[in-house]
Amino acid sequence: METFLFTSESVNEGHPDKLCDQISDAVLDACLAQDPDSKVACETCSKTNMVMVFGEITTKANVDYEKIVRDTCRAIGFVSDDVGLDADNCKVLVNIEQQSPDIAQGVHGHFTKRPEEIGAGDQGHMFGYATDETPEYMPLSHVLATKLGARLTEVRKNGTCPWLRPDGKTQVTVEYYNENGAMVPVRVHTVLISTQHDETVTNDEIAADLKEHVIKPVIPEKYLDEKTIFHLNPSGRFVIGGPHGDAGLTGRKIIIDTYGGWGAHGGGAFSGKDPTKVDRSGAYIVRQAAKSIVANGLARRCLVQVSYAIGVPEPLSVFVDSYGTGQIPDKEILNIVKENFDFRPGMITINLDLKRGGNGRFLKTAGYGHFGRDDPDFTWEIVKPLKWEKPQS
């Protein structure tokens, strides 16, 4: 059996780039909660003792940007300079302007267009991916890397590993077998965790705690063997972290947000964007399409692409690739996709209920992945029943 290795990485919520994603989406939530028609393009950057939010927002909502920044930082665990940022005492800079009137007239006609007439907020192409290798219809390498990061945060916040600090990264290499285009995980080849820690703990204690409290509960035993390699804080020291260690910026973790390097990516980030931005809404609808194809048994693995022109409602193209795993030809799968999914931005917004913010709905997406999550707020994860006839063998 010929196998190959594939690696996916993740970062947890205290990573400076992810901090910025979460602040941008917390701003989006706050705007949509009061004004579902808010037009939001909110970026965040951070460095030592400073967070800045900037971008274009047109909203009737009354939003306290500084409070959102401080609350988000505090919830993650950035409560002192020692851990990388002090939520209550850091500088918060705000530079928010209205959406460009040129964009507004072209996309939504200054709020006058009906949903089916709303154009794409920009050009671009987005990809959705699904695979039958996990119950989430997501790649195992990505699922494990993401869950390790989430578990790191869990054991930090519940006191199991009190020496942990907010920043951290994970990476998992999986050995795979290609079964006629479908991906079959064989074993976990390598587990890498680099986590921020306080001064009190030794490297041996870090490694022991990570194996016992993070790796064991996350990675199924069947994937681990005596040959599995563990790199646990391989650099030896990671005390300085968060924005103190590295500058953070919204939209720099787009592969972590999606499929861990599997499938393809059009390059557009998600966080801080309202649903007229097809970088986000387009990527969500093609995930639903790809997942529905696999969950309905049409294929074991699937990639769906959609593309747009600014101001134009209808997509320019839709593409399907089943990697040779389709029960019927890809051309027929494409027809089923077009019959069952409306790719116009205004209709995606309605069908996936994307104007509903608040209660941390989009904030949740900004940590630990936008896809493969079992949460009713992740409406794009709902599998649509697709009618098709299996060919007679």
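Cβ coordinates come from backbone N, Cα and C, glycine included.
Feature annotations, reproduced from Swiss-Prot:
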- Glu9: Mg(2+) binding site (BINDING)
- His15, Asp167, Gly168, Lys169, Ser235, Gly236, Arg237, Phe238, Asp246, Arg252, Lys253, Ala269, Lys273, Lys277: ATP binding site (BINDING)
- Glu43: K(+) binding site (BINDING)
- Glu56, Gln99, Asp246, Lys277: L-methionine binding site (BINDING)
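Features as recorded by Swiss-Prot, highlighted on the structure.
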residue: Glu9; record: Mg(2+) binding site; DSSP (3 states): strand
residue: Glu43; record: K(+) binding site; DSSP (3 states): strand
residue: Glu56; record: L-methionine binding site; DSSP (3 states): strand
residue: Gly168; record: ATP binding site; DSSP (3 states): strand
residue: Ser235; record: ATP binding site; DSSP (3 states): coil
residue: Asp246; record: ATP binding site; DSSP (3 states): coil
residue: Lys253; record: ATP binding site; DSSP (3 states): coil
residue: Lys273; record: ATP binding site; DSSP (3 states): strand
(request) For Gly168 (ATP binding site), list the number of other Cβ atoms lying within 10 Å of its Cβ atom. (result) 27
(message) If you compare CA-to-CA distances from Glu9 (Mg(2+) binding site) to each of the binding-site residues Glu56, Gln99, Arg237, Lys253, Lys277, which comes out shortest?
(response) Lys253
(message) I'm trying to understand the geometry here, so how far is the Cα atom of Lys273 (ATP binding site) from the Cα atom of Glu43 (K(+) binding site), in Å to the nearest whole number?
(response) 9
(request) Rank the binding-site residues Arg237, Lys253 by the number of other Cβ atoms within 10 Å of each Cβ, and give the residue at the low end. (result) Arg237
(message) So among Glu43, Glu56, Gln99, Lys277, all listed as binding-site residues, which is physically nearest to Ser235 (ATP binding site)? Use the C-alpha atoms.
(response) Glu43
(message) Going by Cα-Cα distance, which of the binding-site residues (Glu43, Glu56, Gln99, Lys277) sits nearest to Gly168 (ATP binding site)?
(response) Glu43
(request) With a 10 Å radius around each C-beta, find which of these binding-site residues (Gln99, Ser235) has the fewest other C-beta atoms nearby. (result) Ser235
(message) Within 10 Å of the residue listed as 'K(+) binding site' (Cα to Cα), which of the binding-site residues Arg237, Asp246, Lys253 do you find?
(response) none
(request) Run through the Cβ atoms and count how many others sit within 10 Å of the one on Lys277 (L-methionine binding site). (result) 23
(message) Quick check: of the binding-site residues listed here (His15, Arg237, Asp246, Lys253), which one has the Cα closest to that of Glu56 (L-methionine binding site)?
(response) Lys253
(request) Pick out which of the binding-site residues Glu43, Glu56 has the most other Cβ atoms within 10 Å of its own Cβ. (result) Glu43
(message) Tell me the Cα distance separating Asp246 (ATP binding site) from Gln99 (L-methionine binding site), rounded to the nearest angstrom.
(response) 30
